[in-house]
Structure formats: structure tokens, C-alpha cells
Amino acid sequence: MNLFTSFTLLTLLILTTPIMMSHTGSHVNNKYQSYVKNIVFCAFITSLVPAMVYLHTNQETLISNWHWITIQTLKLTLSFKMDYFSLMFMPVALFITWSIMEFSMWYMHSDPYINQFFKYLLLFLITMLILVTANNLFQLFIGWEGVGIMSFLLIGWWFGRTDANTAALQAILYNRIGDIGLLASMAWFLSNMNTWDLEQIFMLNQNPLNFPLMGLVLAAAGKSAQFGLHPWLPSAMEGPTPVSALLHSSTMVVAGIFLLVRFYPLMENNKLIQTVTLCLGAITTLFTAICALTQNDIKKIIAFSTSSQLGLMMVTIGLNQPYLAFLHICTHAFFKAMLFLCSGSIIHNLNNEQDIRKMGGLFKALPFTTTALIIGCLALTGMPFLTGFYSKDPIIEAATSSYTNAWALLLTLIATSLTAVYSTRIIFFALLGQPRFPPSTTINENNPLLINPIKRLLVGSIFAGFILSNSIPPMTTPLMTMPLHLKLTALAMTTLGFIIAFEINLDTQNLKHKHPSNSFKFSTLLGYFPTIMHRLPPHLDLLMSQKLATSLLDLTWLETILPKTTALIQLKASTLTSNQQGLIKLYFLSFLITITLSMILFNYPE
């Protein structure tokens, strides 16, 4: 066992310590939250060792196998894959979880079950790391389902609220649709290749692989909230803000994109799958950016921005640039977690008020939080030399300089400019102008449990992109040369978005619409998607069930087939078998004929 394996397993072992100590009774202690936070910090420091060694030894991949079980011809192993993706993702996920857990100690301090909450967060992180380090599909599936069930428990944490329960069920049901795709792919690989080991699958690489790859795309669409399976992501905002921060930054929502990054050796020569992922990502990034434009819940706006960025990652997968997609996963995690923590600080200080129309003037009341929020919004838009710029700019450059679908490229560029629009809208409504909250509201951000995590993520949102982009192995993403006007495309689209936002703000300050426009309704009602998909199918199902119950069961079986048919059969039988039918005239006629014949016979002379 070498250094990579030992330190990776040590990281996972450190994280499982608070879980294993649950039965000792220490989890009821008031210091349990601080203990869990420190454990995650220790795991973060430990995970830095293999990451640094990997970057300085120029190794490609290291795989550790332990035989687990043999089922007929299938050999299952406990297999850990230490490559660029897993070794770089682990420190990022642990750093962000460490910050979120410290923030949770402030945000959830009055919750009676806060220790259980921390345990759930830790399990959420562990299952994500299992997924990231897995080298076979069975192990990956354990992590995949683990993040799914933990998201259900965390989104529905406030189980006394109906909306939270509905959102948790929605998340689990949409993810079950994606799980069908993953299970179908696993079944195909098992029946056709007799293996779930990733390296063997890549070596065999049969053609065509459209069916299993479409299953993987469906799985990624469910887990990473692509268009069609996206409504659960904004609904997940019903959970506590630390859950939203962890869910949307470095864990569950990027699991689908990470799955496709893992399987890129199978996808890189399959044009059909690349086109599907490109178009799906382009539609997602534009649709969710449009939906974010008119939302008034600050967490919903940030949630839709997450979905839009996931669409951009899917576009990058479609461009056959998995390393750029992974870079955007890591950089996006920093500023997205910080945006959620800043929104949580504002919501907590304003007594759980999430409507940006009831905020305003917070720049002076919460100077540190609002500064971090502005930098996070600028990083989200891809402002030069912030973290988002180092991943977003190369993605736009790769899209504009590749032989790709111009339609998908246009949608992506429009969505990029809209990112600047809704980011500016958050700044205008929440931070600037006159205060629109009650004057008696007590506002205080001077708490180290609040300031320190945001401060760490703020540093990450400024410098992490530079560090991560310089750590990409040079043999995977070659340097691109392009004309100056293409090089400036991403910056031009962001600038255009800012200009549009400022112009709209200036033009509509004193403008009142009697009736909302159709485009406003489309954006506010989320493209009518929840209305149609969450109401029409249940309505049709209930209507069909009612028709089946009344027409088929009640009228046909319980009325026509059983009672009426039985009565009719009995009537026919009694009619046929009865001697007396009540026909008086016929009886008299038969008597007459009988008497007449008798008289004729008796009176006939011999």
C-alpha cells in the first residue's frame, strides 16, 4: 500500500470516526458539532498530502484493489481510483464542508437535533467521497444512492413543514428516474462485458455503446437537474441553508456531471452522445437562467444559477472537454457555497425573510456579508481574475473555437449574459437602495462562526481558480490559439449582461405595467413546467383511475356482468323450463282441439 492509497483511506477513516462513535453517547454532547467540524478539518489537511504529491510526481492514475466477493463469473472488488479527478476533488469538497459545518454551528444553534444534523451532513460528504474514489460501478452506485437518500433526509429536515416534505419527495422521485438509467447501464455492462470495473470497461470499449451511454446521460440528467428533470433543484431550497450550500456546491448536484467525466473515454468518440449532452446542457443553462430572472426568493435565484452552471458543465462534456468541466465543478463550488452562506446570513438576520423585495440597504448594515455576496456574484458571472473566470472563460473559448452546433453555442452565450443580469438584480434589490425591512430588526454579523467560513470561501473565490487552473496536467488540455474577438467573447457577453441589467433598472424604476407580459409569466411560472408536469399527469391519472373504477369495475363487473347477467340467465332458464306460461287463449284452444279430436274419434263409425 503506497502513500496515495494510505492517505486516501486515512481521510475516509477520519471522517467515519464521529459516525462510529454515535453509539457511545458522545453525539448528545454539546461539543459534538465542534468535534465534527475539527474532524473534517483534519481530513482536509490529510487529503492535501496525496493531492500535492500527485501534482509533483506527474503520475496519471493509481488503482488499489481488494478482492471482495465472487459471484459466478463476476468478481467484485473494493477498488479505489486515485487520479486527477478524485485527488483534486477531495480537498475541495472537504474545505467547503468544513466551512459549511462551522457556519451551521451559528445558523442551526437553536435546533434541538443539531447533532443529528451534523451527522447527516457528514454522511452526505462520506457518500460523495465514496462516489468520487470508486473504480467500479457497484461501489459508485453505493455512493450514488447514498447522496440520494441523505439529500432526502436533509431537504426534509424541517419535517413539520408540508413544503419541505414535498420538496424531499420531489428530489427522491426525480432522482429515481435518473437511477433507472444508471441501473440499465450497469445491467448492460454486466450482460455484455461481464464486468463493472471501469478500467476493463474502457479497455473493452465495444461499439456501439449508445444504450449504456444514454442510460448514463439520463442518470446525470436526474442527479444534476438537467432540463426535464430539473424542478427538484429549486424545490430543495425548502431545506436549511447549510444543506442548500452543501447540496449545490460540492456534493450531490455535481455527482451526475462527475459520472460523465469518469466515463469520458467511452464518450469521446461517440458523436451522438456528445451532441445529446451538448444540446441538453445548452437548453438547461438558458432555460434556468431565464427562470432566475424574475424570481424574488434569494435562495431560489441562487438555486437556478446552480442549475444554469450545471447546464454549462454539461455543454463542456458535450464539447469533449472533461477536464474543463471538472475545473468548473471545483471553482463553482467555492463561490456558490459562499453565495448560499451570505444569503443564509441575510435571511437569519432578517428573521427568516427570503424575499429580495423586502430587503434593501443591507450594504451598510451587513458590510462584510454584502461584500462577499458582491464578489461571489462577480465570480459567478466570470469577472476577470476571480475564480469563475478561470473555468468559465476557457469553456466559452472552447465552444467558440470548436466545430460545434451553432444553435447550442448561441444558447450558451445568451445564458452567460443572463447570468450577469440576475446577479446584478440580487445586488440591486438586496443590498442597495433604501431599507425595506422593519426598522426594529436586529442585525448583527459579528460572530466568528459566521465570519470565518465566509472569509475562507471569499479567499477561495478569489484565488482558487488560479491555483486549480494551473494544476491541470498540460497533456490533457492543450493550449488554444484563437483570434482576439473570440478570446473576448466571454467577457463581452458578461459585460453585455451588466449593461442590460443597468438599462432595465434605469428604464423600469418609474414604469408600471397593468398586466404582466407573457415573457414575464413564462419566467415567473418557471416555463409552466411544474404546472404542466406536476398537475396534468396526476390529473389524467386520477381521471383514468376514476373512469376505470366507475366504468370498468362498477358498471361493467359489479352491475352488468354479475347481477344483470345472472338475472337474465335465470329468466331465460325459467322461461324455457316452465310448463305454465300464462297463455289462456292458447290453453283454451288446446282444450278445444283435444275435445274436438276426441269427439271425432269416439263418434267415428266402425
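Glycine is treated like the rest: Cβ placed from N, Cα and C.
According to Swiss-Prot:
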type	residues	note
TRANSMEM	1-21	transmembrane segment
TRANSMEM	35-55	transmembrane segment
TRANSMEM	171-191	transmembrane segment
TRANSMEM	211-233	transmembrane segment
TRANSMEM	241-261	transmembrane segment
TRANSMEM	272-292	transmembrane segment
TRANSMEM	301-320	transmembrane segment
TRANSMEM	325-347	transmembrane segment
TRANSMEM	413-433	transmembrane segment
TRANSMEM	457-477	transmembrane segment
TRANSMEM	482-502	transmembrane segment
TRANSMEM	582-602	transmembrane segment
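With a cut-off of 8 Å on Cβ pairs spaced 6 or more residues apart, the transmembrane segment (272-292) and the transmembrane segment (171-191) reach fewer than 3 such pairs and are scored as not touching. Highest Cβ contact count with the transmembrane segment (457-477) among the listed stretches 171-191, 241-261, 301-320, 325-347 falls to 325-347 (criterion: pairs under 8 Å). With a cut-off of 8 Å between Cβ atoms, the residues of this chain six or more beyond the transmembrane segment (35-55) that come close are 3-4, 7-8, 10-11, 14-15, 17-18, 26, 29, 82, 84, 87-88, 90-91, 94-95, 97-98, 101-102, 105, 118-119, 121-122, 125, 471. Nonlocal intrachain contacts for the transmembrane segment (171-191), taken as residues 6+ away from its ends with a CB within less than 8 angstroms of a stretch CB, comprise 74, 137-138, 141, 144-145, 148-149, 151-152, 155, 201, 211-223, 225, 229, 231-232, 235-236, 256, 259.
A Cβ distance under 8 Å defines the sequence-distant neighbours of the transmembrane segment (325-347), meaning residues of its chain 6+ beyond its ends; these are 84-85, 88-89, 92-93, 96, 99-100, 103, 107, 241-242, 244-246, 248-250, 254, 257-258, 260-261, 298-299, 302, 305-306, 309, 312-314, 316-317, 353-354, 359, 362, 366, 369-370, 372-373, 375-377, 379-380, 386-388, 390-392, 394-395, 430, 445, 450, 453-454, 457-458, 460-461, 464-465, 468-469, 472.
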